[in-house]
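According to TrEMBL, the protein has these features:
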| type | residues | note |
| --- | --- | --- |
| TRANSMEM | B:16-39 | transmembrane segment |
| TRANSMEM | B:45-65 | transmembrane segment |
| TRANSMEM | B:77-100 | transmembrane segment |
| TRANSMEM | B:120-138 | transmembrane segment |
| TRANSMEM | B:150-170 | transmembrane segment |
| TRANSMEM | B:190-209 | transmembrane segment |
| TRANSMEM | B:221-247 | transmembrane segment |
| TRANSMEM | B:284-302 | transmembrane segment |
| TRANSMEM | B:309-327 | transmembrane segment |
| TRANSMEM | B:339-361 | transmembrane segment |
């Protein structure tokens, strides 16, 4: 719980410092991208800070290339 | 567009230093065991073959850049593929850069917590490393490259000392029998030498537009990367000569195991932690450039006016991503061994070749090659 609070407080602090500055300059698009990335990053960081069990971010690559890799390794007789 | 995003300018020598550090990168830690697992005692031949074949991979990056001087990778993709297909390919590259940065942070984290600081939580190492990465991003490309120049002599000194101090430990019999594993396995081993040091160097396409125009750029770039490849080859050769193929293949970090073997007159010993500075440095610069590529690419794709303000959100993303990249070291090593090579080949060989073909077709259909700098 403490880890979650720390991450969220850090993200809120970053947003409180940077977002008003960006919107004051009229950088609406930049502010929106900043907020979206910060939200995504905070969610991922909460998972990391709590050592949560989550699917690996390379699972996409593994599932995409497993058929190719298996065939190539088997065809070439490589150690797998 | 990139000139507006990145005001910093570097010279060809600084580019060469960075290219060397990026080729050495994390490969100095992971490639020896991958090559040895694939090709046993012939891993050194794989290293040599891979170093020779890796240079043409870099040629792809240079060929693309020479057709669109002043443009970074994302600009070239968007220009050649158009806004929609270009955005799709750019998203792939963004994921590639993010995954690259996250994986490298994780590699340093795993290395530190497994070998040097087992009581320290992985997240603490990640946090500290990401702070430095964010500072590098905030400071800009020029500062990053100047710091690389500053560290380069000490990097070379430590690397040279690793080689020299291990010379008394080598046993040439460990190379025997040569070619026993067969060419197929030697080629397999060379795949890792091509992929991790060389194909990852496509990230340099993000900083090529910032290099002050110089006739020596291609020469310096190729020379630096060839030297980087030679350095990795030397480490593979030493690992086989000192540790033997079995220990090299089964060690998670054979270079660290190598440094542990240093013992000059029972006086100069246990210098592995000092040697580890080298690997952390080169991996840091590689991670910093992947991070730079991700942030500049995001700014490019979304047509933002600057990239530096994205440093903090990227830090949060990296902190999460580095942890989520793999549940444990065996899983990560399995991915490195079996799946990452294909993912890397797709984005660093197949897509650049397609882009070059697209350029040639467009040039032919319009009757003359497209102007390099529109």
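Cβ coordinates come from backbone N, Cα and C, glycine included.
TrEMBL: automatically predicted annotations, no manual curation.
Under 8 Å from some Cβ of the transmembrane segment (B:284-302) lie the Cβ atoms of residues 1-2, 5-6, 18, 21-22, 25-26, 72-75, 78, 87, 90-91, 93-94, 97-98, 100-101, 104-105, 108, 129, 132-133, 136-137, 141, 144, 148, 200, 203-204, 206-207, 310-311, 314, 318, all in the same chain and six or more residues away from its ends. Residues 98-99, 101-103, 105-106, 109, 122-123, 126-127, 130-131, 133-134, 137-138, 291, 294-295, 298-299, 335 of the same chain lie 6 or more positions beyond the ends of the transmembrane segment (B:309-327) yet place their CB under 8 Å from a CB of it. Sequence-distant neighbours of the transmembrane segment (B:120-138) (same chain, 6+ residues past either end, Cβ-Cβ under 8 Å): 101, 105-106, 108-110, 112-113, 144, 147, 284, 287-288, 291-292, 295, 308, 311-312, 314-315, 318-319, 322-323. Contacts between the transmembrane segment (B:221-247) and the transmembrane segment (B:190-209): present, as 3 or more C-beta pairs lie under 8 angstroms, all at sequence separation of six or more. Long-range contacts of the transmembrane segment (B:77-100) within its own chain (CB-CB distance under 8 A, at least 6 residues past either end) are made by residues 68, 71, 200, 203, 286-287, 290-291, 293-294, 297-298, 300-301, 317-318, 321, 325, 343, 347, 351, 355, 358-359, 362, 374.
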